[in-house]
Amino acid sequence: MRIPYPDVLRVRAFRDLWLGQAISQMGDAFYFVAFMFMVKKVTGSDAMVGAVGALETLPFLLFGPYAGVLADRIDRRKIMLVSDVVSGGALVLFSASIAVLGKPAVPTLLMVPFFLSSFRVFFMPAKSAAIPSLVPAAQLTSANALSMTTQNLMQLISLGLTAGVLSLLFALSPSLFYLTTVGLNSVSFFVSAYFIGRLPRVMPNRKDAHETHVWQDLKNGVGYLRSRHDLVVLTILLAVFRLSVAPFFVVYLAANDKWFGGKPQTIAWFEFAFVAGMVASGSYAGRLKPRYPARGFCIGLALVGVTVGLMGFSPYVSLFILWNVIAGLAIPIADVPITTYVQLSVPDAYRGRVNAVREMISVGVMPISMGLAGLIVARTGVEIAFMLMGSGMSLSCLLGLLDRRFRNIEMPETATPEKFVPTREEAPMATLI
């Protein structure tokens with residue numbers, strides 16, 4: 001059975017968003033692995049890696065609620081555009097400081113991730129809320145699957161280059177390695193901004209956007225989420241899962257130092273294996289039409305937890321790669337259907353706030369365990385740390401199956417969404433050009 005990716009890419013507005021994000025995600029993949037590696041090499045501290053990770057997630061807790069309100073009040077295209085331009089500019093300044101000093105200054109290692117996340121926290125609910133307005137509902141699952149597959153494919157390419165070209169560059173000149181990875185990501189933000197600038201306006205489908213106070217808007221959004229048992233359970237499961245997985249990269253880097261020589265290419269190849277699994281199953285996830293999306297979500301993420309736990313018994317490159325591939329295979333099958341369910345079942349007027357509140361709660365808990373990650377590794381060792389993370393991830397998701405109402409939620413019937421935005425209002429068929 002053919003996956004209708006070409007069909008959804010004929011929608012011009014979605015195609016522009018997809019192209020911009022594909023390039024931006026490639027830059028992000030370069031940057032993420034390199035940045036955490038950079039923190040470890042510059043500071044030599046597992047605790048500092050955890051602190052940087054905590055600062056990176058803190059904006060979701062501080063600004064997440066307002067980001068969701070904004071996505072349900074003004075043009076979502078404008079939010080995404082400003083976020084990309086400001087993020088790209090910040091990385092240009094970061095690159096300049098590295099060029100002058102020869103390596104990142106420790107204060108910038110703390111400030112930059114917090115600053116970038118402070119703008120990305122606005123981008124994410126705006127993007128998630130915009131997609132159902134850019135494609136017909138019948139193509140929403142394909143759009144979500146294509147977005148995830150593309151993100152993973154870009155990571156795959158970036159990680160392959162990191163393991164090869166950039167690792168060689170690090171061996172020749174660490175400062176050039178730092179400068180190149182940051183510079184590439186800054187360029188990717190500006191390219192993404194160009195394509196987002198081509199989108200039509202994506203206004204929330206509501207008439208009272210400017211009649212209610214921002215605080216009342218937030219209360220209404222939280223009230224809507226609380227009224228939905230399925231969304232409450234999903235938010236709790238994601239919060240516990242992310243609380244458990246938050247120390248992962250700190251433990252990952254410590255294991256790389258202890259078992260695999262501390263080389264950047266080893267981490268890159270492990271991540272390559274993980275993303276390869278996601279790419280392989282992403283196409284299959286696009287074909288799935290599960291009646292009960294919560295069941296696949298719980299079982300899939302529980303399997304991810306099992307693989308993380310097994311990493312604690314696997315001081316061998318081949319086994320680490322195997323567990324990463326299996327984890328990667330499970331994630332799209334768990335994630336794509338439940339994402340589509342939320343997008344279809346939440347009215348357009350509430351999508352931004354619901355997405356932001358879910359992210360605020362589920363990501364907002366991560367600084368707790370990230371901040372303690374260095375201490376956990378020091379006290380327990382990497383073996384026990386992997387087991388603790390894996391157990392928390394698996395148990396949190398399997399508990400979701402005990403909730404009868406949650407496990408039996410059904411995918412809504414495919415129907416036209418409240419608002420479909422063509423590229424040209426005077427020529428609706430222009431979206432197919």
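In case you wondered, yes, glycine gets a Cβ from its N, Cα and C as well.
Annotations in TrEMBL come from automatic prediction, not curation.
Among the ranges 9-26, 297-314, the stretch that TrEMBL annotates as transmembrane segment is 297-314.
Residues 20, 24, 70-71, 105, 108, 112, 115-116, 119-120, 122-123, 126-127, 130, 175, 178-179, 182-183, 185-190, 192-193, 196-197 of the same chain sit 6 or more residues outside the transmembrane segment (79-99) yet have a Cβ under 8 Å from a Cβ within it. Looking just at the domain 'Major facilitator superfamily (MFS) profile' (181-433), the mean pLDDT is 81. In this chain, the transmembrane segment (384-402) lies apart from the transmembrane segment (267-285): fewer than three C-beta pairs between them fall below 8 angstroms, excluding pairs fewer than 6 positions apart.
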